[in-house]
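Trainee: Sending over a structure as structure tokens; questions will come in a sec.
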Amino acid sequence: MRFFQMAAAVLCAAAGLVSAKSATGDRLLAVLDAGTDHADYSQFFDGLTDRHFDITFSDLKDADLALFKLDERTYDHLILFPSRSKGLGPNLAPLKLLEFVNAGGNILIATNPSSVPEQLRDFARELGVEMAERDAALVDHWSYDSSSHESHALITANGFTGNEYILSEEVRNGPPVLYSGSAHALSNSPLVVPVLSAGRTAYVYDTKEEQAASEDPWVSGTQAHLVSVLQARNNARVAVVGSMSMFSNEFIDRKEYGNAKFVRDLSGWVFAERGVVKVVRVRHHLMNETAHATNPSNYRVKNDITYAIELSEWSVGHWQPYIAEDVQLEVIMLDPYIRTTLPLLLTTPTTSVYEKSFMLPDHYGTFHFKVNYKRPGVTYIEERESVTIRHFRHDEYPRFISAAWPYYGAAAAVSLGFLGVCILWMGMSEETLSEGKKRD
């Protein structure tokens with residue numbers, strides 16, 4: 001019985017992978033050189049079709065190629081495979097590509113050592129990626145495939161990222177991938193994440209030279225990155241791959257390597273099939289007063305309130321709870337007055353609820369409840385809501401405060417003394433008063 005349950009679970013998971021769908025749209029434009037037969041990459045493109053992408057093929061010289069129409073994106077995703085061209089043309093100029101990214105479009109770029117258009121290098125620089133020049137290839141004389149020729153340019157790479165949202169555990173712990181291409185270097189931008197890096201013995205050399213050796217290589221070792229991704233601040237995603245061959249049928253058919261699953265996970269992340277997190281609902285209210293108004297626009301200083309946020313993660317075609325231990329809330333007025341971690345309260349079939357109760361600061365003004373959640377591999381969350389925190393009203397202050405006890409005592413003593421004098425004065429007879437006057 002247990003065997004059948006496990007088999008059913010595996011089949012369901014496999015069906016989910018096949019039926020995965022992007023959270024941002026299914027319109028995909030694949031741009032290749034005119035002489036490139038996309039049938040050489042049919043397994044990769046068929047996999048995208050099976051995942052419900054509507055693929056439109058075009059070539060770089062197509063005059064009707066346009067990423068925008070009436071200031072709206074005509075496609076949700078873009079694949080660039082320039083195998084021979086020295087340029088991309090005016091429709092795919094760096095500014096056009098940046099505009100596409102700024103509008104929320106996702107881009108997957110793959111190049112060959114013999115084809116690195118300068119326009120593409122300019123675009124990559126804007127992302128913090130420095131691509132090697134034309135005719136620069138990556139070699140590794142220690143980790144190479146047995147079918148590689150003397151230059152050892154057909155290498156095996158397993159320097160996978162540890163990010164579980166970009167690559168699945170199956171890929172990260174699986175066999176190496178087969179790679180033939182160039183490499184790139186990365187800037188210090190926190191938005192760029194290396195997905196696949198070369199080994200310590202790899203380096204980039206100029207293929208125009210007679211020998212595959214270099215005393216001063218352009219980039220070498222683990223600083224030579226083969227696949228890198230960027231997630232812009234608007235959550236658009238870009239991947240830069242130094243090898244078109246990774247996506248070819250020839251490499252995918254090599255079952256001893258993990259190219260098929262690697263390109264599946266990479267394209268799935270770039271095209272927003274995984275690692276997409278959204279805010280479903282935000283609520284805050286006075287503690288233990290849920291029956292009253294939720295999300296009021298003002299509170300009083302030192303109020304005890306409850307803040308909750310619901311998060312969902314898009315995975316294999318459906319929304320599920322997003323589980324994390326580092327979701328934080330900040331109460332800000334210029335600077336954070338409160339920064340606290342929101343613990344997981346409960347989960348539903350599609351969401352997870354993070355909630356915490358705390359006391360507002362003893363300071364009045366306009367504050368922001370801000371959840372600024374930015375983690376590599378998942379969409380950035382910046383949820384902000386403004387509230388006014390007022391001071392106490394005149395009838396809300398305590399009747400007595402401990403610091404004023406001396407003044408309270410002095411006032412009481414004066415009052416009692418005056419009352420005692422009045423009682424004595426009123427209680428004396430006229431004879432006593434007359435005797436007192438005679439003595440004077």
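Yeah, the Cβs are placed from backbone N, Cα and C, and that goes for glycine too.
Straight from TrEMBL, here's the annotation block:
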SIGNAL    1-20  signal peptide
DOMAIN    27-270  domain 'OST48 N-terminal'
DOMAIN    287-427  domain 'OST48 middle'
TRANSMEM  405-428  transmembrane segment
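Help me understand the surroundings of these features in the structure.
Mentor: Across the range of the domain 'OST48 middle' (287-427), the DSSP-based residue counts are 26 helix, 63 strand, 52 coil.
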Trainee: Roughly where does the domain 'OST48 N-terminal' (27-270) sit in mean pLDDT, to the nearest integer?
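Mentor: Averaged over the domain 'OST48 N-terminal' (27-270), per-residue pLDDT gives 91.
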Trainee: Six or more residues beyond either end and a Cβ under 8 Å away: which residues meet both conditions relative to the transmembrane segment (405-428)?
Mentor: none
